[in-house]
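Participant: Look at Swiss-Prot and you will find CYS56 tagged as active site, thioimide intermediate. Per Swiss-Prot, the feature active site, proton donor maps to ASP63. Annotated substrate binding site per Swiss-Prot: VAL78, GLU79, SER80, HIS97, GLU98, in sequence order.
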Amino acid sequence: MTGRKEEELEGVTLLGNQGTTYTFDYNPDILEVFENKHQGRDYFVKFNCPEFTTLCPMTGQPDFATVYISYIPDVKMVESKSLKLYLFSFRNHGDFHEDAMNIIMNDLIKLMDPRYIEVWGKFTPRGGISIDPYTNYGRPGTKYEKMAEYRMMNHDLYPETVDNR
């Protein structure tokens with residue numbers, strides 16, 4: 001197997017950049033992609049993001065979560081450093097938990113057009129309650145549409161032990 005050629009990495013500008021700028025305001029333009037070299041195969045790419053923060057739109061108080069992103073790529077894949085910076089850009093963004101997870105998923109669909117994607121936010125309790133929004137998408141008219149329906153119906157069938165994180 002050979003490594004990636006320089007021209008395959010033209011759109012990847014943040015990885016390896018020592019002068020990284022952290023944006024504190026929501027910015028989907030930070031996201032970068034590269035080509036999937038294994039388009040003939042279905043496989044999951046999973047990201048665990050344990051330090052996600054956003055703001056409550058009513059009180060301005062911070063909300064903390066672990067965000068799980070899993071997707072089956074088609075042609076394009078999200079570059080991980082750009083994803084990290086994108087998620088960091090939610091730091092001063094005020095939205096409800098459910099909205100934030102759907103915004104993330106919609107931005108990634110627009111960026112990559114994956115075969116399948118799911119985004120799950122596990123927020124720490126605030127006011128005595130934790131909220132864990134789950135959202136997913138399967139490309140319409142394909143087996144991934146049925147997969148999304150199945151995973152939606154079964155995603156929390158055997159929930160983990162809640163330990164107040």
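Backbone N, Cα and C atoms are what each Cβ position is placed from, and that goes for glycine too.
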Participant: Need one number for the substrate-binding residues VAL78, GLU79, SER80, HIS97, GLU98: the maximum pairwise CA distance in Å, whole number please.
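Facilitator: Roughly 24 Å, rounded to the nearest whole number.
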Participant: Any same-chain residues 6+ apart from GLU98 (substrate binding site) with CB under 8 Å of its CB? Would you list them in sequence order, or say none?
Facilitator: ILE131, PRO133, THR135
Participant: Cα of the residue listed as 'active site, thioimide intermediate' to Cα of GLU79 (substrate binding site): how many Å, rounded?
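Facilitator: Each residue's Cα considered, the residue listed as 'active site, thioimide intermediate' and GLU79 (substrate binding site) end up 28 Å apart.
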Participant: Between HIS97 (substrate binding site) and ASP63 (active site, proton donor), what is the CA-CA distance rounded to a whole number of Å?
Facilitator: 8
Participant: Do you know which of the recorded positions CYS56, VAL78 has the most other C-beta atoms within 10 angstroms of its C-beta?
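Facilitator: Top count of Cβ atoms within 10 Å goes to VAL78.
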Participant: Is any of the binding-site residues VAL78, GLU79, SER80 within 10 Å of ASP63 (active site, proton donor) (Cα-Cα), and if so, which, in sequence order?
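Facilitator: Near ASP63 (active site, proton donor), where near means Cα within 10 Å, there are no binding-site residues at all.
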Participant: For HIS97 (substrate binding site), which of the three DSSP-derived states applies: helix, strand, or coil?
Facilitator: helix
Participant: So, three-state DSSP: helix, strand or coil for SER80 (substrate binding site)?
Facilitator: helix
